[in-house]
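Let me give you the structure first, and then I'll get to my questions.
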Number of protein chains: 2
Amino acid sequence: MSQMIPAERSVRVNLGDRSYDILIGPGLIAEAGREIAARLKGRRVAVITDENVAPRYLETLMASLAQSGIEAVSLVLPAGEKTKSFDCLIPVCDAILGARIERNDAVIALGGGVIGDLTGFAAGIVRRGSRFIQIPTSLLAQVDSSVGGKTGINSPHGKNLIGVFHQPDLVLADTGVLDTLSQREFRAGYAEVAKYGLIDKPEFFHWLEQNWQAVFAGGGARIEAIAVSCQAKADVVAADERENGLRALLNLGHTFGHALEAATEYDSHRLVHGEGVAVGMVLAYEFSARMNLASPDDARRVEAHLRAVGLPTRMADIPGMLPPAERLMEAIAQDKKVKGGKLTFILTRGIGHSFVADDVPASEVLSFLKEKHPQ
Amino acid sequence: MSQMIPAERSVRVNLGDRSYDILIGPGLIAEAGREIAARLKGRRVAVITDENVAPRYLETLMASLAQSGIEAVSLVLPAGEKTKSFDCLIPVCDAILGARIERNDAVIALGGGVIGDLTGFAAGIVRRGSRFIQIPTSLLAQVDSSVGGKTGINSPHGKNLIGVFHQPDLVLADTGVLDTLSQREFRAGYAEVAKYGLIDKPEFFHWLEQNWQAVFAGGGARIEAIAVSCQAKADVVAADERENGLRALLNLGHTFGHALEAATEYDSHRLVHGEGVAVGMVLAYEFSARMNLASPDDARRVEAHLRAVGLPTRMADIPGMLPPAERLMEAIAQDKKVKGGKLTFILTRGIGHSFVADDVPASEVLSFLKEKHPQ
């Protein structure tokens, strides 16, 4: 796998007449104008970004667009999860319409998952669907949220409860920008990379165990890891675009992870999404072992790898107090509807052998949580 | 056509696994619980309606739902076009989520086009798409806006600029409620009924010329006219769901009509949508005659029929001053993008022989408007 690593990779998401390319490599923001001009009929774009990303990359992007004859306006939003709201959606829609973005033009998201989700949603509803280009600037966004067409904002009732499926027309994953991420942010994205191995790519997980330091260092191994991750997500999305079945596998580690995010009140000082997923994946493997589905050795191997890269792997690793197991269980029940005392969960029979289990007894999950998190 | 008129009709909209039924007949609101319970897996609904419709039909609907074991909450919004806004969309989304409407449950729109467009949009974005039932209470909504999946709200930049395509799961067109419409509102909806004849059903237009009084009176002829209209729209939508081509035919009379609505500042005392369409269809037929595409006799026949039912047919019929032809032309150019001095327009070669013309010289349209509306 590590023998042939080119400087740039491209992954195709196959969705019939809505198929699109993900380009992966360093320097793609500076080349964005050329790549977009080659694919877009129109010559106008609206770029949506945030206050953290704009000072670093907006000028490069705007210059590249201008050089290719593309007229661009930009809107810079506050950074952070609160931006995924109607309060920010409304000015984004206004900016797109004000820029007279029409059928052959495009909306560009330049930023992490928050900017991608919000901008994709706006693109999905302006003129009942406008062209959309993702330029993800975090590892999490490059390997997960920018691929697959899930867009949306948060509601007072919960995260991501308002949105649409709206596929991008192009994703430009500039791997150069990842050098400026904090170690903590890079690690959080890495949890999703490891997830693809744990779902159904045992040899990829093995490769990561051997090569994770090279992935963190940058260069070819990083591009390779991102490309394999994007291909894995693209394959699942192509098979089940609207999450009627198989796509649920992408939630490995997420049911426990979401409950922990809720339990820490989405306080990013305590826990960010990828960290919740890391702890959640270890819990999913341990719970599978407890249900006699997988060997405890697999859970230990998962934990050892995630711990090696510096991710939290146990509830005790999360700073501050966690609520009792019963409260965590309530959060899980809110996330996944309980039917007759049974839950749908992503469980595993071993490394790279995960599956959707729709009859997990809620009582077993509660006992397990009490064991893992005694008060 | 008039020989066999049953008491209730049903039209199927064929869209693969998103196909749905339109039921047409008197008393359907009182039977809504039974029809919905027979089709819906879930047992919860959120009903969205407005202050005009609620006092008349909400109680009947809620009683019918309760009788069939369906748990319902309702939200009553202000009536009128201003309700098609983010300001009302946000509380509607909140109400749906607050009612814990999930995958197998549904959102119900009880009202005219404004309520249907707004509620359909909310249903389209809550949980990235929730089940949706239309109970249209105006003739316009029954024959046009409730069928076909176009949903949305207005923006300061223009009408219907924010929305999604989201098909309903069921449409219940209770023809009994039309008895309580004002003559003016019924006539406005009738303009869209006549439109289907003028697009591609010459024999239906002929039937309307003979039977319009029976259609206005109610009973079987009205049900027949609504069923033919819904079938006509269903056929076009099935062939071109997202308006890439053929669906544009449904805009017959709408380019001129929208310009007149804008010119009267959407003041419903002066002009409502269906009236704008009536004047617009006569203008489209007259313009086609001027371009030597159709006979002037056809334009006269269209005008004679619309005038007979009591609709306005000429710009001079609109109360108050209209802006000069140049300003109307600007409104048209904003509605339809002008490319190299050419416009896309729905023109006609005769009654029931309309077509999409994409090379109409803007200069010809302006000369025509100056003739029709001399200062």
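Note: Cβ is positioned from N, Cα and C throughout, glycine not excepted.
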Could you look at A:His206, A:His254 and say which one TrEMBL places alongside A:Glu192, A:His273 in the Zn(2+) site?
A:His254
When a 10 Å sphere is centred on the Cβ of A:His254 (Zn(2+) binding site), how many other Cβ atoms does it contain?
22
Since the record lists A:Lys159, A:His273 as binding-site residues, which of them has the fewest other Cβ atoms within 10 Å of its Cβ?
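Counting other Cβ atoms within 10 Å of each of the binding-site residues A:Lys159, A:His273 gives the minimum at A:Lys159.
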So how far apart do the NAD(+) binders A:Gly113, A:Val114, A:Ile115, A:Gly116, A:Asp117, A:Thr137, A:Ser138, A:Lys150, A:Lys159 get, largest Cα to Cα in Å?
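It comes out at 21 Å between the most distant Cα atoms.
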Per DSSP, what is the helix/strand/coil residue tally across the domain '3-dehydroquinate synthase C-terminal' (A:189-338)?
110 helix, 0 strand, 40 coil
Report the mean pLDDT of the predicted model across the domain '3-dehydroquinate synthase N-terminal' (A:75-187), rounded to a whole number.
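Mean pLDDT for the domain '3-dehydroquinate synthase N-terminal' (A:75-187): 96.
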How many Å separate the Cα atoms of A:His254 (Zn(2+) binding site) and A:Lys159 (NAD(+) binding site)?
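Taking the Cα atoms only, A:His254 (Zn(2+) binding site) lies 13 Å from A:Lys159 (NAD(+) binding site).
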